[in-house]
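A.B. asks: One structure, as structure tokens, below. Some questions next.
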Amino acid sequence: MRIGLGYDVHKLVENRPLIIGGVTIPHDKGLLGHSDADVLVHAIMDALLGAAALGDIGKHFPDSDKNFKNISSLLLLSKVKDLINKEGYKIVNIDCTIIAQKPKMLYHIDAMKKNICKCLKLDNNMLNIKATTEEGLGFTGKEEGISANAICLLD
């Protein structure tokens with residue numbers, strides 16, 4: 001059994017779509033990044049790679065590579081799944097937290113879960129996604145960015 005911890009953060013900017021968990025969420029700002037800047041999926045990828053001792057997403061999908069410009073993070077997550085499976089690991093479970101003042105994530109979590117479970121070929125009870133705010137504190141509380149944490153267990 002191996003545990004992995006992932007974290008990601010992206011700045012909120014105008015003229016970008018807000019994509020979290022593979023879901024496009026209606027909002028006046030989106031996350032800035034080389035790919036689609038999906039903080040939740042990025043945190044999950046880092047947790048999985050960390051648990052398998054395979055580095056991080058920057059090692060496998062560098063932002064200097066034009067092939068990853070605006071790419072769907074779910075596509076990258078599928079590649080991470082292949083990497084950890086190649087090493088002989090399988091996912092036992094993943095638990096995630098999205099930290100955002102706005103927009104409210106509650107209404108989108110089921111769709112996020114469906115996207116990620118489909119991508120990773122997980123049963124619904126193997127993935128948990130929750131969301132919280134920082135009560136107006138810090139960069140997420142001031143709506144300057146959104147972050148996500150993920151922890152996973154591999155066998």
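Just so you know, glycine gets a Cβ as well, placed from its N, Cα and C.
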A.B. asks: Of the residues His27, His34, His42, only one is listed by Swiss-Prot in the divalent metal cation site with Asp8, His10. Which is it?
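C.D. replies: Record check against Swiss-Prot: divalent metal cation site with Asp8, His10, extra candidate from His27, His34, His42 is His42.
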A.B. asks: Give the three-state DSSP assignment (helix, strand or coil) for Asp8 (divalent metal cation binding site).
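C.D. replies: Assignment for Asp8 (divalent metal cation binding site) reads strand.
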A.B. asks: Any idea which of the recorded positions Ser35, Thr132, Thr133 has the thinnest Cβ neighbourhood at 10 Å?
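C.D. replies: With the recorded positions Ser35, Thr132, Thr133, fewest surrounding Cβ atoms within 10 Å: Thr132.
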A.B. asks: Restricting to the chain of His42 (divalent metal cation binding site) and a gap of 6 or more, list residues whose Cβ falls under 8 Å of its Cβ, or answer none.
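C.D. replies: Result: Gly6, Asp8, Ile57, Ser73, Ala148.
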A.B. asks: Which one of these binding-site residues, Phe61, Phe139, has the sparsest Cβ neighbourhood, judged by other Cβ atoms within 10 angstroms?
C.D. replies: Phe139
